[in-house]
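J.: According to TrEMBL:
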type: DISULFID; residues: Cys43-Cys52; note: disulfide bond
type: DISULFID; residues: Cys120-Cys129; note: disulfide bond
type: DISULFID; residues: Cys178-Cys187; note: disulfide bond
type: DISULFID; residues: Cys216-Cys225; note: disulfide bond
type: DISULFID; residues: Cys302-Cys311; note: disulfide bond
type: DISULFID; residues: Cys524-Cys533; note: disulfide bond
type: DISULFID; residues: Cys742-Cys751; note: disulfide bond
type: DISULFID; residues: Cys978-Cys987; note: disulfide bond
type: DISULFID; residues: Cys994-Cys1004; note: disulfide bond
type: DISULFID; residues: Cys1015-Cys1024; note: disulfide bond
type: DISULFID; residues: Cys1053-Cys1062; note: disulfide bond
type: DOMAIN; residues: 17-53; note: domain 'EGF-like'
type: DOMAIN; residues: 55-92; note: domain 'EGF-like'
type: DOMAIN; residues: 94-130; note: domain 'EGF-like'
type: DOMAIN; residues: 132-188; note: domain 'EGF-like'
type: DOMAIN; residues: 228-270; note: domain 'EGF-like'
type: DOMAIN; residues: 272-312; note: domain 'EGF-like'
type: DOMAIN; residues: 314-496; note: domain 'Laminin G'
type: DOMAIN; residues: 498-534; note: domain 'EGF-like'
type: DOMAIN; residues: 540-714; note: domain 'Laminin G'
type: DOMAIN; residues: 716-752; note: domain 'EGF-like'
type: DOMAIN; residues: 779-950; note: domain 'Laminin G'
type: DOMAIN; residues: 952-988; note: domain 'EGF-like'
type: DOMAIN; residues: 990-1025; note: domain 'EGF-like'
type: DOMAIN; residues: 1027-1063; note: domain 'EGF-like'
type: DOMAIN; residues: 1067-1104; note: domain 'EGF-like'
Amino acid sequence: MNRPPSSESRFRGSELGIDECQSGPCQNGATCGDRIGYFICDCPAGYDGELCEHDVDECQSQPCHNGGQCVDEINRFRCDCSHTGFVGDHCETEILECDSNPCQNNATCMERVKGYECLCWEGYSGIHCETDENECSEKPCDNGGLCLELSKQSYYGTEPEFDNKFSYSQAAGYLCRCQPGFTGSNCSVNIDECESWPCLNGGTCIDLINGFLCSCASGYTGVGCSININECEDNPCKNGASCEDGVADYFCICPPAAQDGTIWGGKNCSVKLVGCLEHSCQNRAECIPLYNEESHSYTCKCKPGFVGENCSTPTTFSFLGQGYIMYDSPLSNESYLSNASVRFRTTLPDMVLMYRGDEETFLILELYNGFLYTQMKGNGRLFQLVIGDHKVNDGHWHNVEVDVISNLFLKISLSHDGCSNGFCSRKRQVIGGFNPYLPESFSSVFIGGLGQEALIKNTLSQQNFTGCLEDLVIDLFTRLPRNFSSGQSFGMELGCSKAELCHPNPCQNGAKCIDLWSSFTCECIRPYKGPTCMQEYVAGTFFWEGNPSHAYFELNQDLGTSFNVSGFIRTLKSDGLLLQISHGAIPYFSIYLNNSWVHIETPSAEPLVFKKNVSDGMKYFISISFREGNVTVTELQQEVYLGKLPPVTINKGDTVHVGGLATTDSTMFWGGFFKGCLQDVRINNYHLEFFPAEEINAQETLYLGNNTNVTQNCISDDVCHQGPCRNGGNCSVTWNDFVCSCPANFTGKTCEEPIWCERYPCSTDSTCLDVPNGFVCLANASFQGHSSAVFTPIISQERDLTSISLTFRTRDRDAILLQASLNVDSVLIAIQEGYLFIDLQSGNNVDGVQLNETIEVADAIWHRVVISMERATKANSQWTFQLDDSAQKAFRWEGDLNFLRNNISIILAEDYTGCLGTVSIGGIYLPFTDHVLPQQDQFIRKSDALELGCRGADVCTERPCLHDGTCQDIFNSFSCVCRTGWNGQRCEINIDDCKSSPCLHGFCMDLEANYQCSCETGYAGRNCDININDCQHHQCLNGGICVDGVNSYTCKCPTNFAGTYCQWPYPPEQCNKNFTCLNGGKCDSGIWGANCTCRPGFSGRRSTVQPQCSPFLLLELQYL
């Protein structure tokens, strides 16, 4: 460091120019400045003193902080920050040891002076938490459990005990994967498998390791004792009995008695029951044999109406509507406070079966309207039950029971085939009526009726019983009718005597017979009457042979504002007065015919109309109900509400007019006189008799005031009197009409119309069809694309054309079948690209209607298309379109087809190849034949004659089918029936018979309708499917078995032979040990053992074989 000028060192010397710096006085590299008589040292940085001999101490200011050691250097200092935890020139910056992330396993790093501290998660240790403590090292899991450390991150998401996410906060510790049968954190707990009670049906559970054992109760087996041992498996039941398995037991259901009467019983149905061989059961009772501990006996099952050990005591008794039984039955039973049951049989709907109690407190069982009712009253409260599902007055036996049981429930039960499971019941609580027991008055019991007026008024039926009763049980005790004294029984008869009054049915003409037990009545169907409905209310014929007729009656009762008018009507006249009620000369209720419909009218209102044609000569029953102005008509059991009219009131003294009025003029206002028949006319239930008997019931018949020209019975005019049938027809009278039997050539109501087709007007290539006032000859026509048919109409302008029908057959994919146009109106039926297309233009609809069918029609099959209008007189009518039998398609079109009856040309089959069948417009045919037709409305053909019949081109002449195929003409096209081995449209393709690979082990060569296999070696057969049996000529020796292979065989040798053909003994024989060649043969040892090379003239394994005869000299050779 340079000293500043003020501190420069000066040394004086001679002023004679002596260089005071020559001696180098300045130290430490200072610069010496010579002066006169002195020098100055300019010290370098870091030094001071006159001669710069002192090193400046930069540490004197203590620049190092935080315990750093200051090291003085030349012109500077250096801070040694070692072991301070700080860095920087002055040790001023603390070192952050945690920035280097020294802590592992997600531990928290805490900064410390001169270091850091790692705060480890539980389960980790070490300065840097680098050690994962092994919690499994001490084998905490008992009973063979597998210890899994929570800190093993590889377990998470892979082992079932660990979820997908690892957390260091939860990494301390372990989990034990216990062996089956153990649980707990350390697998120390043996799971009690018996805790869930797995042993069923009383089985005892024994806990095991990872399981349990059930000690089953008798009769059960299985792991959980859930299987009921089937004791029937051993078929213990004999003689055809069926076995029902029980619990540790079985039950045999013995078969019914055999044809010879044999009955089996006992535990196994093995004992022949003989208890009924000599029994005393009476009255058709069923004898049931019994068997108990080798003892035979029987019991009698009584039929209804009998009781007793032998069913000898009858229980049946009867009443005829006047009798009853009265006796006392003290209440003693605790469960059933009151009980009564009885079988009964009756045909009457209203009657008392039982009454218990007195006038104020009672229990009633009775029939009302044919249904069973029970009523119970106590403390002024009335309770009622009814079984309203089934009527029981049908003459059959029925069993009913009524009980008042504990907790005061009233219950009624009925045995009936119509009930579910044959049993119906109703029940309700009657608390509040009785507290808490039934009163003593209930001990009084009446059966079949009551003898006291005060009691019978409590009933609904108000009638004593008529019919039969049996098996009477009161308070659980059977009451026998013979045991009732004369003071208890009144009008009772023992037994049940009942004649079948309605079988066979004595009532005639479909009437219903009502059985009144001791008599019958017939419920007649109108118009019949009389005791057996044999008679008929006399019908009246009005306006017979044109004579005006009418009748009137005087009302002898007020009928008020609600009444009914009914009766039978038969007429062919569409107008006329049927019935009118008047007060004096003023009518106020009228029924008349107008345009064949029934009209009902009261003053000051438009009439109501029943819109049904009743003027067709048939007999109709009409019932008109008038209820304070509301009018309903019933006909054929169909009720129709017509509406409402101003109410009217029918009073006594008013007059009823039938068929007309006194004068013609007054009658004409209502359509004139009625012509036809009226029968069984009634107002309410009052009969209007046109021909009353001498003695009439004034309660049922109105007084006839006058009968003018009404003819008795329903008779017809003689309508054949004037000979209406023409052309020799015979007239037969029907009813007010006639029918003509016409000659063969005529038809019509009066035989006025000729039957044209009977005269054979059509040629043989067409079919005649009769149409109104004429005929038409129908035939198919063929078109070849260059001809067409043109028609013009001759049709009345009064006739509406509402349809077009057309049949065709073609393969032409684009052609016109029918077209016509006039001004803006047009119709087009065509085939476009094989599909039907229809275009209609008419009326105000500018766009018209276009229909595109989706069914292919160019298929040489006959098709029929129909377009029809639903209502010809209605603008914007609904139309329908139908092709063949497909569903109709509806569309709305404002136009019509009437323009086709004007001066127009209708063109058929334009540019068309195919056939047309019947074509009609508005039901008028367009014929293809040349016949003059007599009818007024027709279409005239203007074009040339057509080719009749349906014929296509001769497509088979040129023999299009190859390889002798048969050509079949399918209308303007052909199909080929190919010979076997050929196919294709023209039989041009030879079928590859090898395509199916028939040769299993060989090469296939295709032939015509055939193939030939060239088999691989070892195979044979048509399909090379047979492996040739190479063992057929095998050479296996010494008992070797030949095993066939493919083109080879192998020999399966016995244990003491070997070699390809089993020709070598095994183990191999050795020369001079156990094998010797004879006759000079030479022994050689090979892999299969010893073998002989024989001298000439010998052969065989041991050279033992010599030829039998040799003409040559044997030359003996010596083998050395």
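Here, residue 1 is simply the first one shown, and the rest follow in order.
Heads up, the Cβ atoms here are built off N, Cα and C, so glycines get one too.
Bear in mind that TrEMBL entries carry predicted annotations, made automatically and left uncurated.
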J.: If one looks at the chain holding Cys978 (disulfide bond), which residues at least 6 apart in sequence have a CB under 8 angstroms from its CB?
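T.: Expected: Cys961, His963, Gly965, Gly984, Cys987.
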J.: Expressed to the nearest Å, what is the distance separating Cys52 (disulfide bond) and Cys120 (disulfide bond) at their Cα atoms?
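T.: Counting only the Cα atoms, the answer is 60 Å.
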J.: Hey, of Cys120, Cys311, Cys524, Cys1004, which of those disulfide-bonded residues are within 10 Å of Cys1015 (disulfide bond), Cα to Cα?
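T.: If one measures from the Cα of Cys1015 (disulfide bond), the disulfide-bonded residues that come within 10 Å are Cys1004.
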J.: Out of Cys43, Cys178, Cys216, Cys524, Cys994, which has the highest number of nearby Cβ atoms, where nearby means within 10 Å of its Cβ, if these are the disulfide-bonded residues?
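T.: That would be Cys43, with the most Cβ atoms nearby.
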J.: What is the number of other Cβ atoms found within 10 Å of the Cβ of Cys187 (disulfide bond)?
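T.: A count of 21.
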J.: Rounded to an integer, what is the Cα-Cα distance in Å between Cys187 (disulfide bond) and Cys120 (disulfide bond)?
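T.: Approximately 29 Å lies between the Cα of Cys187 (disulfide bond) and that of Cys120 (disulfide bond).
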J.: To the nearest whole angstrom, state the Cα distance for the pair Cys524 (disulfide bond) and Cys302 (disulfide bond).
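T.: On Cα coordinates alone, these residues lie 42 Å apart.
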J.: Mean pLDDT for the domain 'EGF-like' (1027-1063), rounded to an integer?
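T.: Averaged over the domain 'EGF-like' (1027-1063), the predicted model reaches a pLDDT of 87.
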J.: Between C-alpha atoms, which of these disulfide-bonded residues comes nearest to Cys1053 (disulfide bond): Cys225, Cys311, Cys533, Cys742?
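T.: Result: the closest of the disulfide-bonded residues to Cys1053 (disulfide bond) is Cys225.
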J.: Can you tell me how far the Cα of Cys120 (disulfide bond) sits from the Cα of Cys1062 (disulfide bond), in Å?
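T.: That comes out at 85 Å between the alpha carbons.
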J.: By DSSP assignment, list the helix, strand and coil residue numbers for the domain 'EGF-like' (132-188), in that order.
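T.: DSSP composition of the domain 'EGF-like' (132-188): 6 helix, 11 strand, 40 coil.
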J.: Can you count helix, strand and coil residues in the domain 'EGF-like' (498-534) using DSSP?
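T.: Within the domain 'EGF-like' (498-534) the tally stands at 0 helix, 10 strand, 27 coil.
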J.: Ten-angstrom check, please: count other Cβ atoms within 10 Å of the Cβ of Cys120 (disulfide bond), all chains counted.
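T.: Result for Cys120 (disulfide bond): 22 neighbouring Cβ atoms inside 10 Å.
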J.: Counting by DSSP secondary structure, give me helix, strand and coil numbers for the domain 'EGF-like' (1067-1104).
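T.: DSSP classes over the domain 'EGF-like' (1067-1104) add up to 0 helix, 13 strand, 25 coil.
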J.: How far is it from Cys1004 (disulfide bond) to Cys1024 (disulfide bond), counting Cα to Cα, in Å?
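T.: A Cα-Cα distance of 10 Å.
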J.: Around the C-beta of Cys129 (disulfide bond), how many further C-beta atoms are within 10 angstroms, looking at every protein chain?
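T.: Here the count is 22.
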J.: Highest CB neighbour count within 10 A among the disulfide-bonded residues Cys52, Cys302, Cys311, Cys1004, Cys1024?
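T.: Selected residue: Cys52.
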